[in-house]
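Annotation source Swiss-Prot lists substrate binding site at 49, 50, 51, 52, 109, 114, 115, 116, 120. Annotated active site, nucleophile per Swiss-Prot: 50, in sequence order, evidence recorded as sequence analysis. Among the features that Swiss-Prot reports, site 'Important for activity' is placed at 99, with the record citing sequence analysis. Swiss-Prot lists 189, 190, 191, 192, 193, 194 with the feature NADP(+) binding site, giving sequence analysis as the kind of evidence.
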(Lines of atoms letter the chains of each structure in order from A; the text may use other names.)
(Lines give C-alpha, C1' and ligand atoms only; values in the text may rest on other atoms or scores of the structure.)
Protein backbone atom coordinates (compact mmCIF):
# COMPACT_ATOMS: atom_id res chain seq x y z
CA UNK A 1 0.00 0.00 0.00
CA UNK A 2 1.06 3.60 -0.53
CA UNK A 3 -0.31 6.99 0.46
CA UNK A 4 -0.68 9.66 -2.21
CA UNK A 5 -2.29 13.08 -2.54
CA UNK A 6 -3.45 14.61 -5.81
CA UNK A 7 -4.62 18.20 -5.70
CA UNK A 8 -4.35 21.85 -6.56
CA UNK A 9 -4.27 25.03 -4.51
CA UNK A 10 -3.94 28.80 -4.62
CA UNK A 11 -0.27 28.15 -5.45
CA UNK A 12 -0.96 26.10 -8.59
CA UNK A 13 -4.31 27.26 -9.97
CA UNK A 14 -6.29 30.53 -10.26
CA UNK A 15 -9.74 30.82 -8.73
CA UNK A 16 -11.48 30.24 -12.09
CA UNK A 17 -9.93 26.74 -12.14
CA UNK A 18 -10.29 26.01 -8.40
CA UNK A 19 -14.00 26.76 -8.43
CA UNK A 20 -14.58 24.08 -11.10
CA UNK A 21 -13.01 21.45 -8.84
CA UNK A 22 -14.65 22.52 -5.58
CA UNK A 23 -16.57 19.68 -3.89
CA UNK A 24 -19.41 21.09 -1.75
CA UNK A 25 -20.21 19.27 1.49
CA UNK A 26 -23.46 17.88 0.11
CA UNK A 27 -21.51 16.37 -2.81
CA UNK A 28 -18.85 14.64 -0.68
CA UNK A 29 -20.71 11.38 -0.12
CA UNK A 30 -21.18 10.79 -3.86
CA UNK A 31 -17.61 11.85 -4.69
CA UNK A 32 -16.12 9.53 -2.06
CA UNK A 33 -18.33 6.63 -3.20
CA UNK A 34 -17.23 7.15 -6.81
CA UNK A 35 -13.54 7.24 -5.89
CA UNK A 36 -13.86 4.14 -3.68
CA UNK A 37 -15.44 2.27 -6.60
CA UNK A 38 -12.18 2.46 -8.57
CA UNK A 39 -10.21 -0.82 -8.45
CA UNK A 40 -6.90 0.58 -7.15
CA UNK A 41 -8.19 2.95 -4.44
CA UNK A 42 -8.53 1.43 -0.95
CA UNK A 43 -9.19 4.57 1.12
CA UNK A 44 -9.99 8.19 0.26
CA UNK A 45 -10.46 11.59 1.91
CA UNK A 46 -11.35 14.87 0.19
CA UNK A 47 -10.21 18.24 1.54
CA UNK A 48 -12.09 21.01 -0.29
CA UNK A 49 -11.75 24.68 0.74
CA UNK A 50 -11.78 28.01 -1.07
CA UNK A 51 -8.02 27.76 -1.61
CA UNK A 52 -7.47 24.04 -2.27
CA UNK A 53 -8.91 20.72 -3.41
CA UNK A 54 -6.84 17.74 -2.27
CA UNK A 55 -7.67 14.05 -2.57
CA UNK A 56 -5.76 11.72 -0.24
CA UNK A 57 -5.75 8.04 -1.15
CA UNK A 58 -4.36 4.73 0.00
CA UNK A 59 -3.65 2.72 -3.11
CA UNK A 60 -2.43 -0.78 -3.86
CA UNK A 61 -0.97 0.37 -7.19
CA UNK A 62 0.35 3.92 -6.98
CA UNK A 63 0.44 4.83 -10.66
CA UNK A 64 -3.02 3.37 -11.35
CA UNK A 65 -4.52 4.98 -8.23
CA UNK A 66 -3.22 8.41 -9.23
CA UNK A 67 -4.53 7.92 -12.77
CA UNK A 68 -7.99 7.08 -11.36
CA UNK A 69 -8.02 10.22 -9.18
CA UNK A 70 -6.93 12.39 -12.11
CA UNK A 71 -9.66 10.91 -14.29
CA UNK A 72 -12.22 11.59 -11.55
CA UNK A 73 -11.09 15.23 -11.29
CA UNK A 74 -11.38 15.68 -15.05
CA UNK A 75 -14.91 14.28 -15.06
CA UNK A 76 -15.92 16.30 -11.98
CA UNK A 77 -14.61 19.61 -13.33
CA UNK A 78 -15.39 18.99 -17.03
CA UNK A 79 -11.81 20.07 -17.76
CA UNK A 80 -9.77 18.07 -20.29
CA UNK A 81 -6.89 16.14 -18.73
CA UNK A 82 -4.29 18.14 -20.66
CA UNK A 83 -5.54 21.42 -19.19
CA UNK A 84 -6.10 19.99 -15.72
CA UNK A 85 -2.66 18.39 -15.34
CA UNK A 86 -0.80 21.70 -15.56
CA UNK A 87 -2.46 22.78 -12.30
CA UNK A 88 -2.16 19.53 -10.32
CA UNK A 89 0.47 18.45 -7.83
CA UNK A 90 1.08 14.82 -6.84
CA UNK A 91 2.90 13.78 -3.65
CA UNK A 92 3.71 10.26 -2.44
CA UNK A 93 3.99 8.74 1.01
CA UNK A 94 6.31 10.82 3.26
CA UNK A 95 5.86 13.89 1.05
CA UNK A 96 2.07 13.41 1.15
CA UNK A 97 2.13 12.87 4.93
CA UNK A 98 4.24 15.98 5.56
CA UNK A 99 2.06 18.00 3.19
CA UNK A 100 -1.11 17.22 5.16
CA UNK A 101 0.66 18.11 8.40
CA UNK A 102 1.80 21.45 6.92
CA UNK A 103 -1.74 22.10 5.69
CA UNK A 104 -3.25 21.33 9.13
CA UNK A 105 -0.68 23.61 10.76
CA UNK A 106 -1.58 26.49 8.44
CA UNK A 107 1.91 26.57 6.89
CA UNK A 108 0.62 25.96 3.36
CA UNK A 109 -2.21 28.50 3.60
CA UNK A 110 -2.50 31.74 1.67
CA UNK A 111 -2.40 33.29 5.15
CA UNK A 112 0.42 31.55 7.06
CA UNK A 113 -0.82 30.38 10.46
CA UNK A 114 -4.54 30.95 9.82
CA UNK A 115 -6.70 28.85 12.12
CA UNK A 116 -9.70 27.91 10.00
CA UNK A 117 -7.85 25.23 8.02
CA UNK A 118 -7.40 22.99 11.09
CA UNK A 119 -11.17 22.80 11.62
CA UNK A 120 -11.54 22.06 7.88
CA UNK A 121 -9.06 19.17 8.17
CA UNK A 122 -11.01 17.86 11.19
CA UNK A 123 -14.23 18.06 9.18
CA UNK A 124 -12.59 16.19 6.28
CA UNK A 125 -11.61 13.43 8.72
CA UNK A 126 -15.09 13.25 10.26
CA UNK A 127 -16.94 13.16 6.93
CA UNK A 128 -14.43 10.75 5.40
CA UNK A 129 -15.23 8.30 8.21
CA UNK A 130 -18.96 8.98 8.00
CA UNK A 131 -19.04 8.24 4.26
CA UNK A 132 -16.81 5.14 4.56
CA UNK A 133 -13.85 6.59 2.67
CA UNK A 134 -11.37 6.60 5.54
CA UNK A 135 -9.96 3.31 6.82
CA UNK A 136 -7.14 2.36 9.20
CA UNK A 137 -4.32 4.18 7.41
CA UNK A 138 -5.97 7.53 6.60
CA UNK A 139 -7.61 7.52 10.03
CA UNK A 140 -4.16 7.38 11.64
CA UNK A 141 -2.74 9.93 9.18
CA UNK A 142 -5.48 12.51 9.80
CA UNK A 143 -5.30 12.04 13.58
CA UNK A 144 -1.54 12.59 13.45
CA UNK A 145 -1.98 15.66 11.21
CA UNK A 146 -4.60 17.15 13.54
CA UNK A 147 -2.25 16.57 16.49
CA UNK A 148 0.51 18.30 14.50
CA UNK A 149 -1.76 21.26 13.74
CA UNK A 150 -2.71 21.63 17.40
CA UNK A 151 0.91 21.42 18.55
CA UNK A 152 2.01 24.14 16.14
CA UNK A 153 -0.70 26.44 17.44
CA UNK A 154 -0.02 25.78 21.13
CA UNK A 155 3.79 25.44 21.08
CA UNK A 156 4.59 28.32 18.71
CA UNK A 157 3.16 31.81 18.32
CA UNK A 158 2.44 31.46 14.59
CA UNK A 159 -1.31 31.89 15.04
CA UNK A 160 -0.99 35.06 17.12
CA UNK A 161 -2.33 37.99 15.17
CA UNK A 162 -2.65 35.98 11.98
CA UNK A 163 -4.91 37.46 9.35
CA UNK A 164 -7.63 35.30 7.82
CA UNK A 165 -9.23 35.41 4.38
CA UNK A 166 -12.08 37.39 5.92
CA UNK A 167 -9.85 39.90 7.71
CA UNK A 168 -7.72 40.30 4.56
CA UNK A 169 -10.92 41.05 2.60
CA UNK A 170 -11.85 43.79 5.08
CA UNK A 171 -8.26 45.08 4.97
CA UNK A 172 -8.51 45.29 1.17
CA UNK A 173 -11.78 47.22 1.45
CA UNK A 174 -10.13 49.63 3.86
CA UNK A 175 -7.29 50.21 1.39
CA UNK A 176 -9.72 50.87 -1.46
CA UNK A 177 -12.24 53.12 0.34
CA UNK A 178 -11.65 56.46 2.07
CA UNK A 179 -13.54 55.54 5.25
CA UNK A 180 -15.34 52.31 6.17
CA UNK A 181 -17.43 54.16 8.73
CA UNK A 182 -19.10 56.07 5.87
CA UNK A 183 -19.72 52.94 3.77
CA UNK A 184 -23.06 51.19 3.52
CA UNK A 185 -22.06 47.53 3.58
CA UNK A 186 -23.91 44.33 2.66
CA UNK A 187 -22.62 40.87 3.61
CA UNK A 188 -24.06 38.01 1.56
CA UNK A 189 -24.14 34.74 3.48
CA UNK A 190 -24.36 33.84 7.16
CA UNK A 191 -21.63 31.21 7.55
CA UNK A 192 -18.31 31.34 9.39
CA UNK A 193 -16.54 33.53 6.81
CA UNK A 194 -19.41 36.02 6.83
CA UNK A 195 -19.33 36.12 10.64
CA UNK A 196 -15.62 36.95 10.53
CA UNK A 197 -16.23 39.64 7.90
CA UNK A 198 -18.84 41.28 10.14
CA UNK A 199 -16.52 41.01 13.14
CA UNK A 200 -13.63 42.70 11.31
CA UNK A 201 -15.88 45.35 9.74
CA UNK A 202 -17.14 46.37 13.18
CA UNK A 203 -13.57 46.43 14.51
CA UNK A 204 -12.58 48.78 11.65
CA UNK A 205 -15.42 51.18 12.42
CA UNK A 206 -18.11 50.17 9.91
CA UNK A 207 -21.55 50.81 11.39
CA UNK A 208 -24.00 50.50 8.48
CA UNK A 209 -24.05 46.74 7.86
CA UNK A 210 -26.74 44.47 6.45
CA UNK A 211 -26.72 40.67 6.31
CA UNK A 212 -28.48 38.98 3.39
CA UNK A 213 -29.05 35.23 3.43
CA UNK A 214 -31.43 32.68 1.94
CA UNK A 215 -32.58 31.88 5.46
CA UNK A 216 -33.35 35.08 7.36
CA UNK A 217 -33.40 32.99 10.54
CA UNK A 218 -29.72 32.14 10.10
CA UNK A 219 -28.98 35.78 9.27
CA UNK A 220 -30.72 36.78 12.50
CA UNK A 221 -28.69 34.22 14.47
CA UNK A 222 -25.54 35.79 13.06
CA UNK A 223 -26.74 39.32 13.87
CA UNK A 224 -27.51 38.24 17.44
CA UNK A 225 -23.83 37.43 17.94
CA UNK A 226 -23.16 41.17 17.53
CA UNK A 227 -25.94 42.49 19.74
CA UNK A 228 -24.05 45.75 20.36
CA UNK A 229 -24.37 46.63 16.65
CA UNK A 230 -27.53 47.49 14.72
CA UNK A 231 -27.31 45.02 11.85
CA UNK A 232 -30.06 44.93 9.23
CA UNK A 233 -31.48 41.63 7.99
CA UNK A 234 -32.73 40.86 4.47
CA UNK A 235 -33.57 37.74 2.54
CA UNK A 236 -31.17 37.06 -0.32
CA UNK A 237 -34.24 37.07 -2.57
CA UNK A 238 -34.48 40.85 -1.94
CA UNK A 239 -30.91 41.49 -3.14
CA UNK A 240 -31.75 43.24 -6.41
CA UNK A 241 -34.44 45.34 -4.73
CA UNK A 242 -32.04 46.72 -2.11
CA UNK A 243 -28.67 46.64 -3.85
CA UNK A 244 -28.71 50.36 -4.67
CA UNK A 245 -28.52 51.08 -0.93
CA UNK A 246 -24.96 49.76 -0.66
CA UNK A 247 -21.48 50.97 -1.57
CA UNK A 248 -19.64 47.79 -0.60
CA UNK A 249 -20.68 44.14 -0.83
CA UNK A 250 -18.92 41.07 0.56
CA UNK A 251 -20.03 37.72 -0.85
CA UNK A 252 -19.31 34.44 0.91
CA UNK A 253 -22.19 32.05 0.26
CA UNK A 254 -21.98 28.35 -0.62
CA UNK A 255 -23.92 28.84 -3.87
CA UNK A 256 -22.51 26.72 -6.70
CA UNK A 257 -23.60 29.21 -9.41
CA UNK A 258 -22.92 32.99 -9.49
CA UNK A 259 -25.47 35.12 -7.61
CA UNK A 260 -24.40 38.28 -9.43
CA UNK A 261 -23.74 38.71 -13.13
CA UNK A 262 -23.84 41.61 -15.56
CA UNK A 263 -27.34 40.87 -16.85
CA UNK A 264 -28.79 41.02 -13.32
CA UNK A 265 -26.78 43.96 -12.03
CA UNK A 266 -26.81 46.36 -14.97
CA UNK A 267 -30.58 47.04 -14.97
CA UNK A 268 -30.78 47.79 -11.23
CA UNK A 269 -27.69 49.93 -10.71
CA UNK A 270 -28.24 53.67 -10.64
CA UNK A 271 -26.36 55.73 -13.23
CA UNK A 272 -23.93 57.38 -10.81
CA UNK A 273 -23.71 54.53 -8.32
CA UNK A 274 -20.24 53.20 -7.55
CA UNK A 275 -20.11 49.71 -6.14
CA UNK A 276 -17.25 47.61 -4.80
CA UNK A 277 -17.71 43.84 -4.49
CA UNK A 278 -15.26 41.59 -2.65
CA UNK A 279 -16.02 37.95 -3.42
CA UNK A 280 -14.39 35.49 -1.00
CA UNK A 281 -16.46 32.49 -2.09
CA UNK A 282 -15.21 29.50 -4.09
CA UNK A 283 -16.95 28.77 -6.40
CA UNK A 284 -17.25 32.51 -7.00
CA UNK A 285 -20.54 34.23 -6.20
CA UNK A 286 -19.79 36.96 -8.77
CA UNK A 287 -19.49 36.24 -12.49
CA UNK A 288 -16.35 37.54 -14.22
CA UNK A 289 -18.50 39.63 -16.61
CA UNK A 290 -19.46 41.99 -13.76
CA UNK A 291 -15.99 43.50 -14.28
CA UNK A 292 -17.30 44.85 -17.59
CA UNK A 293 -19.52 47.33 -15.71
CA UNK A 294 -17.64 50.63 -15.42
CA UNK A 295 -19.06 51.65 -12.07
CA UNK A 296 -18.36 48.28 -10.40
CA UNK A 297 -15.04 47.08 -8.97
CA UNK A 298 -14.80 43.34 -8.27
CA UNK A 299 -12.11 41.58 -6.23
CA UNK A 300 -11.86 37.84 -5.49
CA UNK A 301 -9.75 35.66 -3.17
CA UNK A 302 -6.76 35.76 -5.52
CA UNK A 303 -6.69 39.56 -5.20
CA UNK A 304 -6.03 39.22 -1.46
CA UNK A 305 -2.45 38.02 -1.99
CA UNK A 306 -1.01 41.53 -2.01
CA UNK A 307 -2.71 42.33 1.32
CA UNK A 308 -1.61 39.05 2.85
CA UNK A 309 2.02 39.48 1.71
CA UNK A 310 2.49 42.35 4.18
CA UNK A 311 1.69 39.93 7.01
CA UNK A 312 3.81 37.01 5.84
CA UNK A 313 7.44 37.99 6.35
CA UNK A 314 7.11 38.22 10.13
CA UNK A 315 5.70 34.68 10.14
CA UNK A 316 8.39 32.90 8.18
CA UNK A 317 10.72 32.54 11.18
CA UNK A 318 7.82 31.12 13.20
CA UNK A 319 7.10 28.71 10.34
CA UNK A 320 10.67 27.35 10.58
CA UNK A 321 10.09 26.63 14.27
CA UNK A 322 6.83 24.88 13.41
CA UNK A 323 8.55 22.68 10.79
CA UNK A 324 10.66 21.07 13.54
CA UNK A 325 7.49 20.02 15.39
CA UNK A 326 6.06 18.59 12.19
CA UNK A 327 9.18 16.46 11.70
CA UNK A 328 8.50 14.87 15.10
CA UNK A 329 4.92 14.04 14.11
CA UNK A 330 6.11 12.73 10.74
CA UNK A 331 8.52 10.38 12.52
CA UNK A 332 5.75 9.17 14.84
CA UNK A 333 3.51 8.39 11.87
CA UNK A 334 6.35 6.71 10.00
CA UNK A 335 7.13 4.40 12.94
CA UNK A 336 3.46 3.36 13.03
CA UNK A 337 3.32 2.97 9.23
CA UNK A 338 6.39 0.75 9.14
CA UNK A 339 5.05 -1.36 12.00
CA UNK A 340 2.16 -2.41 9.70
CA UNK A 341 4.62 -4.67 7.90
CA UNK A 342 4.87 -6.76 11.07
CA UNK A 343 1.11 -7.25 11.49
CA UNK A 344 0.74 -10.50 9.46
CA UNK A 345 3.67 -12.15 11.30
CA UNK A 346 2.42 -11.02 14.72
CA UNK A 347 -1.13 -12.18 13.91
CA UNK A 348 0.15 -15.59 12.74
CA UNK A 349 2.22 -16.01 15.90
CA UNK A 350 -0.70 -14.99 18.14
CA UNK A 351 -3.07 -17.36 16.31
CA UNK A 352 -0.64 -20.28 16.63
CA UNK A 353 0.04 -19.68 20.33
CA UNK A 354 -3.69 -19.19 21.02
CA UNK A 355 -4.51 -22.49 19.28
CA UNK A 356 -1.90 -24.29 21.41
CA UNK A 357 -3.21 -22.61 24.57
CA UNK A 358 -6.80 -23.67 23.86
CA UNK A 359 -5.79 -27.26 23.04
CA UNK A 360 -3.64 -27.67 26.16
CA UNK A 361 -6.27 -26.00 28.35
CA UNK A 362 -8.92 -28.39 27.08
CA UNK A 363 -6.67 -31.40 27.86
CA UNK A 364 -5.92 -30.10 31.36
CA UNK A 365 -9.57 -29.42 32.20
CA UNK A 366 -10.61 -32.89 31.03
CA UNK A 367 -8.01 -34.49 33.35
CA UNK A 368 -9.14 -32.38 36.32
CA UNK A 369 -12.70 -33.64 36.09
CA UNK A 370 -15.93 -31.83 35.33
CA UNK A 371 -16.65 -30.63 38.89
CA UNK A 372 -13.24 -28.97 39.32
CA UNK A 373 -13.22 -27.69 35.74
CA UNK A 374 -16.61 -25.96 36.06
CA UNK A 375 -15.61 -24.34 39.34
CA UNK A 376 -12.17 -23.10 38.29
CA UNK A 377 -12.31 -22.79 34.50
CA UNK A 378 -12.48 -18.98 34.44
CA UNK A 379 -9.46 -18.68 36.75
CA UNK A 380 -7.41 -21.17 34.73
CA UNK A 381 -8.50 -19.49 31.46
CA UNK A 382 -7.35 -16.10 32.76
CA UNK A 383 -4.09 -17.60 34.03
CA UNK A 384 -3.16 -19.15 30.69
CA UNK A 385 -4.12 -16.01 28.75
CA UNK A 386 -2.01 -13.90 31.10
CA UNK A 387 1.02 -16.16 30.68
CA UNK A 388 0.69 -16.11 26.87
CA UNK A 389 0.26 -12.33 26.72
CA UNK A 390 3.27 -11.68 28.94
CA UNK A 391 5.49 -14.06 26.96
CA UNK A 392 4.48 -12.46 23.64
CA UNK A 393 4.54 -8.84 24.81
CA UNK A 394 8.29 -8.06 24.63
CA UNK A 395 8.97 -9.78 21.28
CA UNK A 396 6.01 -7.97 19.68
CA UNK A 397 7.03 -4.58 21.06
CA UNK A 398 10.63 -5.08 19.90
CA UNK A 399 9.52 -6.23 16.45
CA UNK A 400 7.26 -3.20 15.95
CA UNK A 401 9.96 -0.84 17.23
CA UNK A 402 12.57 -1.90 14.67
CA UNK A 403 12.95 1.15 12.42
CA UNK A 404 15.60 -0.34 10.16
CA UNK A 405 13.75 -2.19 7.44
CA UNK A 406 16.26 -5.00 6.93
CA UNK A 407 16.63 -5.63 10.67
CA UNK A 408 12.85 -5.80 11.01
CA UNK A 409 12.51 -8.22 8.11
CA UNK A 410 15.27 -10.48 9.44
CA UNK A 411 13.50 -10.56 12.81
CA UNK A 412 10.22 -11.52 11.10
CA UNK A 413 11.95 -14.25 9.11
CA UNK A 414 13.49 -15.62 12.31
CA UNK A 415 10.07 -15.77 13.98
CA UNK A 416 8.55 -17.45 10.93
CA UNK A 417 11.31 -20.06 10.93
CA UNK A 418 11.46 -20.71 14.70
CA UNK A 419 7.68 -21.03 15.11
CA UNK A 420 7.05 -22.58 11.69
CA UNK A 421 4.70 -19.74 10.73
CA UNK A 422 3.23 -19.35 7.23
CA UNK A 423 5.02 -16.76 5.10
CA UNK A 424 2.38 -14.14 4.34
CA UNK A 425 2.70 -12.67 0.84
CA UNK A 426 0.19 -9.90 1.61
CA UNK A 427 2.62 -7.98 3.82
CA UNK A 428 1.87 -4.27 3.66
CA UNK A 429 4.27 -2.52 1.31
CA UNK A 430 5.73 0.40 3.22
CA UNK A 431 8.15 1.62 0.60
CA UNK A 432 8.50 5.38 0.78
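Even glycines carry a Cβ here, placed using N, Cα and C.
Structure coloured by features recorded in Swiss-Prot.
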residue: 49; record: substrate binding site; contacts (Cβ under 8 Å, 6+ apart): 117, 120, 282
residue: 50; record: active site, nucleophile; contacts (Cβ under 8 Å, 6+ apart): 18, 22, 165, 280, 281, 282, 301
residue: 99; record: site 'Important for activity'; contacts (Cβ under 8 Å, 6+ apart): 5, 91, 108
residue: 109; record: substrate binding site; contacts (Cβ under 8 Å, 6+ apart): 51, 103, 117
residue: 189; record: NADP(+) binding site; contacts (Cβ under 8 Å, 6+ apart): 212, 213, 251, 252, 253, 254, 281
residue: 190; record: NADP(+) binding site; contacts (Cβ under 8 Å, 6+ apart): 211, 213, 215, 218, 219, 221, 222
residue: 192; record: NADP(+) binding site; contacts (Cβ under 8 Å, 6+ apart): 116
residue: 193; record: NADP(+) binding site; contacts (Cβ under 8 Å, 6+ apart): 165, 166, 252, 280, 281
residue: 194; record: NADP(+) binding site; contacts (Cβ under 8 Å, 6+ apart): 166, 187, 188, 211, 213, 222, 250, 252
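By a simple count of nearby Cβ atoms, those within 10 Å, the most crowded of the binding-site residues 51, 120 is 51. Each residue contributes its Cα atom, and for residue 115 (substrate binding site) and residue 191 (NADP(+) binding site) these two points are 16 Å apart. Residues 49, 50, 51, 52, 109, 114, 115, 116, 120, recorded as contacting substrate, have a largest CA-CA distance of 15 Å. A simple way to gauge crowding: the CB of residue 191 (NADP(+) binding site) has 14 other CB atoms within 10 angstroms, across all the protein chains here.
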